[in-house]
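Q: Quick one: structure below, then a few questions.
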Protein chains: 6
Amino acid sequence: MRVDGREPLQLRPIHIETNYLKHPEGSVLITVGDTKVICTASIEDRVPPFMRGEGKGWITAEYSMLPRATETRNIRESSKGKVSGRTMEIQRLIGRALRAVVDLSAIGEKTVWIDCDVIQADGGTRTASITGAFVAMTMALNALAEKKSFPRFPITDYLAATSVGILKNDLTVLDLNYAEDSKAHVDMNVVMTGNGEFVELQGTGEESTFSYAQLQDLLNAAQEGLTELFEQQKNALGEEITRKIDARRAK
Amino acid sequence: MRVDGREPLQLRPIHIETNYLKHPEGSVLITVGDTKVICTASIEDRVPPFMRGEGKGWITAEYSMLPRATETRNIRESSKGKVSGRTMEIQRLIGRALRAVVDLSAIGEKTVWIDCDVIQADGGTRTASITGAFVAMTMALNALAEKKSFPRFPITDYLAATSVGILKNDLTVLDLNYAEDSKAHVDMNVVMTGNGEFVELQGTGEESTFSYAQLQDLLNAAQEGLTELFEQQKNALGEEITRKIDARRAK
Amino acid sequence: MRVDGREPLQLRPIHIETNYLKHPEGSVLITVGDTKVICTASIEDRVPPFMRGEGKGWITAEYSMLPRATETRNIRESSKGKVSGRTMEIQRLIGRALRAVVDLSAIGEKTVWIDCDVIQADGGTRTASITGAFVAMTMALNALAEKKSFPRFPITDYLAATSVGILKNDLTVLDLNYAEDSKAHVDMNVVMTGNGEFVELQGTGEESTFSYAQLQDLLNAAQEGLTELFEQQKNALGEEITRKIDARRAK
Amino acid sequence: MRVDGREPLQLRPIHIETNYLKHPEGSVLITVGDTKVICTASIEDRVPPFMRGEGKGWITAEYSMLPRATETRNIRESSKGKVSGRTMEIQRLIGRALRAVVDLSAIGEKTVWIDCDVIQADGGTRTASITGAFVAMTMALNALAEKKSFPRFPITDYLAATSVGILKNDLTVLDLNYAEDSKAHVDMNVVMTGNGEFVELQGTGEESTFSYAQLQDLLNAAQEGLTELFEQQKNALGEEITRKIDARRAK
Amino acid sequence: MRVDGREPLQLRPIHIETNYLKHPEGSVLITVGDTKVICTASIEDRVPPFMRGEGKGWITAEYSMLPRATETRNIRESSKGKVSGRTMEIQRLIGRALRAVVDLSAIGEKTVWIDCDVIQADGGTRTASITGAFVAMTMALNALAEKKSFPRFPITDYLAATSVGILKNDLTVLDLNYAEDSKAHVDMNVVMTGNGEFVELQGTGEESTFSYAQLQDLLNAAQEGLTELFEQQKNALGEEITRKIDARRAK
Amino acid sequence: MRVDGREPLQLRPIHIETNYLKHPEGSVLITVGDTKVICTASIEDRVPPFMRGEGKGWITAEYSMLPRATETRNIRESSKGKVSGRTMEIQRLIGRALRAVVDLSAIGEKTVWIDCDVIQADGGTRTASITGAFVAMTMALNALAEKKSFPRFPITDYLAATSVGILKNDLTVLDLNYAEDSKAHVDMNVVMTGNGEFVELQGTGEESTFSYAQLQDLLNAAQEGLTELFEQQKNALGEEITRKIDARRAK
């Protein structure tokens with residue numbers, strides 16, 4: 001059995017609170033067990049220099065943790081004067097993942113800035129960030145779509161992420177909390193679309209390795225969790241937006 | 001009349017939610033109108049080098065805003081690689097203010113790290129930070145006082161802060177929101193103890209000046225607001241802690 | 001009695017040497033007791049990006065200390081690669097203070113860069129900087145006014161600063177030197193115009209507090225010192241410039 | 001057909017030159033097509049602070065490109081004053097991968113510093129770095145093993161890496177060069193041990209996605225290439241070291 | 001006798017391999033004994049801001065060492081986040097030296113970026129860099145000269161550099177290796193043109209001094225070595241380019 | 001004739017004011033024409049890590065310019081967050097030069113920090129810094145020598161520096177001011193001891209070259225100026241210190 005009493009393939013309780021903040025075009029507080037992340041989407045009316053003139057939009061993401069999101073206090077990256085490798089890796093992942101389900105040509109030369117700020121961490125902060133950021137981004141782009149005559153709805157599918165892993169006792173589990181994650185042999189993050197296609201697969205043996213058979217187990221576990229996450233996203237987004245996404249997926 | 005319909009000397013609605021986060025020794029979400037700040041207090045079992053061996057504790061504070069706490073997105077200070085002058089000024093102010101009501105000899109060689117993270121900003125973020133941080137710090141030190149036999153309760157008085165200002169139409173107002181603050185002639189932050197003593201007074205004419213008579217008006221306005229803030233702090237802290245503070249004030 | 005034999009409300013000897021350097025548009029060596037600051041004013045023919053197109057000028061200030069201005073050597077901020085919070089606080093204060101007595105519309109889109117470099121420090125470096133910088137800036141803008149037909153003389157009043165404080169023995173004193181400042185209970189910097197209006201008031205209890213009655217004592221002490229400082233500034237500026245400022249004050 | 005005439009599952013020509021430099025404990029110039037990387041291994045006689053006292057060793061890696069390793073000149077990271085997210089991601093990957101095949105307890109409190117410096121880049125620099133670094137590290141640790149009586153040979157298996165991808169025309173290919181990589185739909189890096197276990201799997205849809213069936217194709221392609229890379233490593237390491245590794249694998 | 005058996009005025013074996021890399025406009029691997037430097041020349045189609053509009057070109061250089069070019073590993077300057085004083089001194093020297101033999105008006109508003117990356121260091125890395133960079137730069141500019149109708153061939157003379165020094169035993173030696181350099185009393189770098197004119201002379205007593213007579217000995221020794229270096233450069237550049245340079249020298 | 005009416009081999013007026021500041025162990029304001037530099041010497045009671053345990057002292061130097069020491073305002077290096085190559089080159093030169101005339105074993109494990117802050121610049125700031133710093137350092141070490149029983153007086157000779165150059169009209173001149181320096185063909189800094197030995201020789205053709213004969217002219221010019229500078233240093237140091245240095249030179 002797992003440290004918090006869950007079944008191996010059971011997600012922690014999820015909650016997605018939309019319109020959490022007043023200023024951003026889209027904002028969400030996503031709760032996955034004790035992990036809590038504020039995800040916001042801000043629209044900027046231009047693209048980075050390397051994309052100018054192509055008539056396409058861009059999605060970029062930043063990720064941070066409050067110093068006391070964790071058990072012991074972390075020094076702020078602003079005080080250290082530099083962003084850690086882990087942070088950079090995560091924010092590159094979030095941006096890349098989201099771009100896979102946005103029709104960038106449909107939004108014109110705009111940048112969507114995604115900010116994921118972890119206010120409480122208990123494992124799975126990067127996957128919660130992706131799952132929450134998808135909702136924030138979709139709400140921001142939907143609001144814009146209602147004001148501007150976009151040639152077509154720009155969100156082409158749902159997008160969510162979860163983690164799976166193999167514990168020391170060889171148990172394959174879904175949605176690891178911090179206690180599990182810090183001791184797992186193998187740790188894998190899976191980002192998937194609503195259609196069951198992979199967007200990103202990052203599996204790592206921690207001073208360890210994993211076989212092809214174990215890979216298959218891990219992917220099955222992930223699939224199970226992602227199915228539930230897509231339902232949560234639909235609930236959070238509401239019927240109208242869900243209908244628009246489904247229309248694009250059908251194409 | 002004021003832009004949000006308030007009377008000149010009326011505070012915005014205040015709410016202080018304690019134990020907001022799971023990990024920190026003390027944590028608070030303080031809401032002042034649309035301004036929301038997460039204040040946490042973390043205890044570290046040593047003091048900075050310049051204080052070692054004196055047998056006294058230290059209080060230090062950091063302050064930050066989420067990029068989208070504001071109307072338009074701000075670049076993160078971690079991305080810029082340096083902390084702005086405004087941020088430094090605020091975090092120095094918060095730490096200095098809190099140290100005025102802590103009996104540093106009573107806590108031994110410990111550092112209390114205060115983190116104030118603004119998740120939504122609508123004016124008065126530094127004063128809300130001080131008011132909220134006092135509660136988070138008090139709860140953290142009280143918890144420690146219950147475990148360790150401190151020689152005496154270390155909090156010597158209440159501490160809160162508010163802003164006052166003079167608007168373009170010469171109206172003296174209490175607790176300016178962002179719209180008022182950005183256009184005020186004179187802006188003053190007042191940090192005060194429960195006994196009505198000043199800890200910090202920072203008054204600034206914004207390309208403008210103010211007279212001695214106006215100063216007196218501003219201080220009266222501040223006094224009014226602070227009285228209410230102390231009541232809110234007592235409610236948040238609860239009867240038991242309030243009794244301990246009152247016992248120290250009586251000395 | 002005070003450590004250097006002064007009366008409580010006695011300033012240290014002041015000297016303002018104008019045209020101290022060859023290159024800057026305005027330059028001053030101000031001596032306040034053993035505190036010596038080189039203040040220069042440089043005119044740049046444009047304003048920062050956030051002010052372009054408004055037809056108004058800007059005043060900005062930088063402050064630094066020679067490494068050996070102090071008792072023990074300080075590491076240069078250029079070697080540390082960042083400017084300290086204290087430095088930032090001081091340079092923001094100097095710039096803000098000076099802007100209160102300049103008619104920014106009268107100078108057009110120009111920036112006045114103020115540099116205050118402390119070559120010897122014995123307390124009160126920030127107030128000496130403001131007092132000296134006012135003279136340097138006025139001389140630079142007057143020289144410009146003589147060449148360009150400004151619509152009106154841009155300096156609207158005198159501006160000086162001093163410090164007051166409450167010593168451990170509860171004595172209220174004017175113009176604290178370093179030995180006094182490092183032990184004072186309460187420390188207050190007052191920036192005032194020639195007309196007796198406040199521009200900036202920064203009072204701080206150092207792990208201590210102060211009452212309303214003490215605040216009044218402090219302000220009276222400051223007023224006394226500032227009256228003498230304005231006389232010194234007039235002497236340094238000379239009759240002709242003094243006449244022009246007085247003409248603007250009369251309006 | 002591929003841009004350089006290769007079969008879909010054909011590696012580019014590989015060459016591993018050992019003892020390439022005079023000073024390092026282990027050094028290799030690895031050539032994969034037009035990609036050339038100098039990999040060195042340096043032994044330091046202590047571990048990072050977070051590992052002290054555990055009696056175990058550590059492996060850490062740094063990665064860099066000469067400014068003109070690429071088609072157009074890149075600004076040096078030392079000139080920019082910070083290391084890019086891409087560089088951090090790669091150096092974290094290299095270190096993590098190598099640690100999976102080293103018995104860290106066997107080497108005691110030592111750090112192996114791996115430096116991978118790309119002198120010419122044509123795609124696949126991170127996988128070439130891992131493949132080359134394994135050889136440099138093994139030679140350095142073997143040399144040390146001969147001098148110190150390690151309790152057991154510390155390398156537990158071979159380790160190599162390659163890339164696979166899906167081109168725009170849906171062709172699954174092995175070992176992408178830069179021209180292919182910059183246009184591929186899906187890009188996957190696979191790090192594997194000599195026993196065919198995964199150490200790291202990083203698959204990314206570039207503004208695109210991939211199915212479970214495509215994942216299987218990609219993994220088969222990678223397996224093919226890795227088999228050849230292990231042969232090259234054995235040739236470079238020579239019979240004696242190969243025998244020692246094989247002995248550990250047998251356990 | 002010298003530590004490696006050379007005569008006092010004998011250079012170490014030199015080799016200059018041209019077209020060492022695929023991408024740069026000019027590239028060289030220069031070997032001087034055990035010192036090995038990759039020198040590349042990249043052409044950029046604009047000049048730095050301070051030179052725009054003058055119709056002249058610019059040469060700028062960067063220098064770096066691989067972390068393990070030396071006996072013990074050096075921390076990368078990119079990790080430290082800043083370039084050392086030694087590195088800056090060397091790259092300023094290289095750029096300045098090369099500019100002395102280029103007719104900057106002849107190349108128009110272009111920048112030649114020189115990169116000298118030391119992959120193995122055994123003393124004399126800065127002089128080897130200059131000698132190698134001259135060849136890389138000349139090949140890059142010659143290639144450009146063949147494509148663009150430059151008004152005249154832009155290289156006006158050969159340029160090479162060597163070191164000379166006085167050892168502890170008062171022996172004057174040419175081309176110091178690291179063992180000699182680290183113990184020499186006096187160390188001098190001489191940069192000279194093919195016509196025997198000085199471009200740069202940097203002589204330093206290392207906690208020591210040198211007389212006028214010793215200076216003359218040092219310069220004679222340098223002259224001897226430089227004569228051989230010019231021959232090596234001619235061989236590397238080939239007859240055709242040599243003829244073009246000689247034509248310009250004749251003027 | 002020269003731009004300021006001097007003879008080719010005539011120095012500008014020199015003045016060395018000792019004990020210029022109150023806090024440093026040694027301090028000097030050196031004036032060379034319109035160039036003014038504050039040189040201070042601070043004694044620290046330890047040496048840098050790389051020298052600990054050798055029983056020897058160390059001399060290190062830092063150099064800076066006030067932003068408005070020059071015709072147009074320079075951005076502070078503290079604001080830029082890094083020290084320029086030019087500054088690093090100069091401070092390395094100053095430290096190295098001074099170490100040549102200090103018997104480091106005689107002072108034990110102490111560091112002398114030299115700070116040269118240019119308050120007004122008109123060419124020759126690095127040579128004025130060396131000449132002035134020698135006096136400040138000597139006074140600081142002499143004061144220490146009087147308190148501590150040093151085994152012997154640690155200053156072994158005088159040390160001064162000057163610049164020489166060749167103007168566009170081929171005139172060889174001594175002590176170039178800024179107007180001359182910015183247009184000279186050849187620029188050479190010479191650091192020499194009282195005994196006429198070279199400590200440092202840095203000659204540079206600015207997009208130009210110089211012959212052996214010209215080198216001899218330059219060195220003769222430098223010799224002339226240095227003779228006068230040593231006289232000025234003796235006057236500034238006074239008879240007693242001069243006698244001590246002369247005693248050490250005699251050995």
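Even glycines carry a Cβ here, placed using N, Cα and C.
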Q: Starting from the phosphate binding annotation in TrEMBL that includes F:GLY124, F:THR125, F:ARG126, which of F:ARG86, F:ARG99, F:ARG152 is the extra site residue?
A: F:ARG86
Q: How many other Cβ atoms sit within 10 Å of the Cβ of F:ARG86 (phosphate binding site)?
A: 14
Q: Using DSSP, how many residues of the domain 'Exoribonuclease phosphorolytic' (F:10-140) fall into helix, strand and coil, respectively?
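A: Its residues fall into 42 helix, 41 strand, 48 coil.
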Q: Using a Cβ cut-off under 8 Å and a sequence separation of 6 or more, which residues in the same chain sit near F:ARG126 (phosphate binding site)?
A: F:TYR63, F:ILE90, F:LEU93, F:ILE94, F:ALA161, F:ASN189
Q: Of the residues named as phosphate binders, F:ARG86, F:GLY124, F:THR125, F:ARG126, how far apart in Å are the Cα atoms of the most distant pair?
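A: Between the most distant Cα atoms of the phosphate site, 13 Å.
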